[in-house]
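Heads up, the thing below is written out as structure tokens.
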């Protein structure tokens, strides 16, 4: 009899836990994805904070030249970072128990792997949690689809790119200056600015910002007048009121006259789909671009594409960009290479540009 009661109590406890996890009445929805998301993001956050403050220098290039990244080792908020794991580790999984000691684990940049793996799993579960809450509330699933764009970007720079390059030391550092270094080296090695997928991403982000500003300002300006002509239209409203405050027909008329008729949406759902889809598709393409360049399918190369009748090169902006790329490449990881492959495998490049002689 006692055993039976214990089983019922256990089953009842599990059922209550399930109901609590899936309840939409909680202040913050947990969900089954949240059961994984909460501990993984907590682990990533705690490790990041500790490493950013106190981690010792990391031998990122695997040549016994540690790079300092934490605040206690001389950095500030701008220069500080969690330094990626060592090139000596490569793509090997490097948890704490694989190192001979905690000092070795820290020296080889073990915290970086701990942070990015927990972060990527937690961020993925956050997307799943968005779908789960939408499902519980009877909503359509497009919120998590939009979130997949920044998630794909995170996977591209923290996982796909290191896999393609053969080492987690090539992943993006977790800090401000480290991110800038990652961007500069990426341009030097892959010419990302000349990659069409990155260009689509730029159009998506800047265009999305423009459309967001246009939409917000237009809606804010298209008030339904609740006051007399002698009073300010602002007096007819209070912040946070439930009633609709703007007239989409008036907004459509204004914008149609400002640009032209068919540049303006007269359907609210079509408008908001466009506002969501434009930046999302752009960022998707950027993530795809990073993922292809991870395997060295790089941006366009128009070097030496214009020559005169005698075969002499007439430099274009593509050649100027190439010269900048070479300069950035020879400066990074200075002691890790005897000579950059791009320079060692070709004829010597002049230090300064030479203006072509004009025989008139």
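Please read every residue number as a count from 1 along the shown chain.
Glycine residues also receive a Cβ, built from the backbone N, Cα and C atoms like all the rest.
Residues 126, 130 are given by Swiss-Prot as pheophytin a binders; from 112, 147, that same site also lists 147. Record note: among 273-295, 296-318, 319-341, 273-295 is the stretch given as transmembrane segment by Swiss-Prot. Judged by Swiss-Prot topology annotation, residue 66 lies on the same membrane side as residue 181. Across the structure, residue 333 ([CaMn4O5] cluster binding site) and residue 147 (pheophytin a binding site) place their CA atoms 35 angstrom apart. By the count of Cβ pairs under 8 Å, the stretch nearest in packing to the transmembrane segment (143-163) among 32-53, 192-217, 273-295 is 273-295. Put simply, of the binding-site residues 170, 189, 332, the one whose Cα is nearest the Cα of residue 130 (pheophytin a binding site) is 170.
For residue 147 (pheophytin a binding site), the number of other Cβ atoms no farther than 10 Å from its own Cβ, over all displayed protein chains, is 17.
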